[in-house]
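Q: Dropping the structure in here first, questions after.
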């Protein structure tokens with residue numbers, strides 16, 4: 001890191017942390033007690049604080065990573081400063097752990113951007129700092145910086161594992177992936193993603209050698225021709241049936257394979273992926289979740305996904321390949337028809353924004369979910385178009401992980417989209433300075449509105465005296 005860049009990033013990180021601390025103080029003063037899922041997380045962490053490690057709330061569905069880290073941080077700090085009584089492991093103290101994770105996420109995002117785009121000399125240090133700051137303020141993630149939820153810590157360990165993977169330290173990456181898994185079980189998918197990065201790199205090297213031998217041109221994923229697809233499929237089969245290649249890949253990815261084996265053992269012993277209350281977290285093939293994620297991505301990336309140039313390019317592609325898009329539309333309609341699920345929480349809990357999205361958009365008419373197919377197709381095309389700089393094997397690997405982390409989820413929950421969005425955003429070309437500033441301004445406005453609504457637009461349910469607040 002150059003000295004000017006280091007000073008610039010230090011200033012950005014200090015300013016961001018100071019702002020977060022001020023917001024944290026305001027939120028913690030207005031909402032002192034546990035709220036929403038904190039009602040389960042805070043008492044569980046407090047039980048660990050008092051040494052009751054065998055006590056477990058059956059309503060909690062994640063592993064105890066958050067509580068173990070919290071105790072590991074809070075207890076030594078409390079001993080160092082001589083804190084005793086209720087202040088130790090209070091809701092405010094526990095929430096502060098996520099403020100630390102948030103600062104760590106900003107640093108990791110900067111390091112990842114530096115590593116992924118280091119060959120692009122056109123990207124300035126200022127643009128990397130701006131991108132890292134913007135992604136750290138990604139609204140769905142930033143909001144939970146101020147509450148005691150698993151998201152900031154889950155993101156921290158997953159991004160850290162990805163960074164170690166990119167630097168070739170796969171043992172450390174797998175260990176950090178285990179920490180991420182302890183925060184949220186579905187993070188095992190991003191361990192597979194890290195292993196997939198290694199496999200994709202090897203496949204890409206062999207593919208280039210294959211093309212060079214045949215003195216052929218590089219196949220472009222953008223062309224999307226069927227013959228190109230068959231050639232790549234044939235190459236994959238040929239590569240993966242070779243014992244020599246399998247041994248090479250196993251030697252490179254064994255730490256990840258070991259972690260996946262641990263995960264399989266956990267699922268077998270536990271009788272499923274969910275800990276605790278399984279009745280509300282049943283896996284299913286909810287394919288429209290992919291469409292929701294693509295729409296979510298376009299909304300939060302509109303400065304570079306929803307531009308006049310993009311729309312014109314999409315319409316040209318539509319005119320050029322009407323048959324392909326017709327087939328995609330038919331498949332999408334079928335998936336929506338047969339695989340749309342509505343979770344009871346989505347219909348019952350009016351504290352979440354997804355409740356209003358579903359009620360005011362999808363429940364207006366039975367046909368609305370089908371009429372949105374053109375929007376989904378554009379979102380999918382725009383999403384894929386921004387990834388064209390990546391190798392075909394990286395794209396295939398990412399898409400498999402994206403499907404694995406979104407489709408089995410029955411509940412429409414924006415928090416589930418945080419990690420796939422961040423990894424996508426890290427790997428697309430760095431946008432122009434103007435678009436970056438527009439994106440940052442948009443995130444600041446969204447954060448300001450959501451925090452204002454959370455603090456000031458409170459309400460009460462008829463059968464409860466508790467103050468309710470709107471949130472992601």
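The backbone N, Cα and C atoms fix where each Cβ goes, and this holds for glycine too.
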Q: Which range, 30-53, 126-149, does TrEMBL list as transmembrane segment?
A: 126-149
Q: What residues elsewhere in the chain lie close to the transmembrane segment (289-306), defined as a C-beta under 8 angstroms and at least 6 residues from its ends?
A: 138-139, 332, 336, 372, 375-376, 378-380, 382-383, 386, 402-403, 406-407, 409, 412, 414, 417, 420-421, 424-425, 428, 431, 435-436, 438-439, 442-443
Q: Mind checking which residues reach the transmembrane segment (246-269)? Cβ under 8 Å, same chain, six or more beyond either end.
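A: Same-chain residues near the transmembrane segment (246-269) but 6 or more away: 170-171, 173-175, 177-178, 181, 185, 188, 191-192, 194-195, 198-199, 202, 240.
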Q: Out of 6-27, 60-81, 93-114, 391-408, which stretch has the largest tally of CB pairs under 8 angstroms to the transmembrane segment (437-455)?
A: 6-27
Q: Taking contact to mean three or more C-beta pairs under 8 angstroms, with sequence separation of 6 or more, is the transmembrane segment (60-81) in contact with the transmembrane segment (93-114)?
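A: When sequence-distant Cβ pairs are counted, the transmembrane segment (93-114) touches the transmembrane segment (60-81), since at least 3 lie under 8 Å.
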Q: Taking residues 6+ outside the transmembrane segment (391-408), which of them lie with a CB under 8 Å of any CB in it?
A: 186, 189-190, 192-193, 196-197, 199-200, 203-204, 207, 219, 221, 232, 283-287, 289-290, 292-293, 384, 416-417, 419-420, 423-424, 427
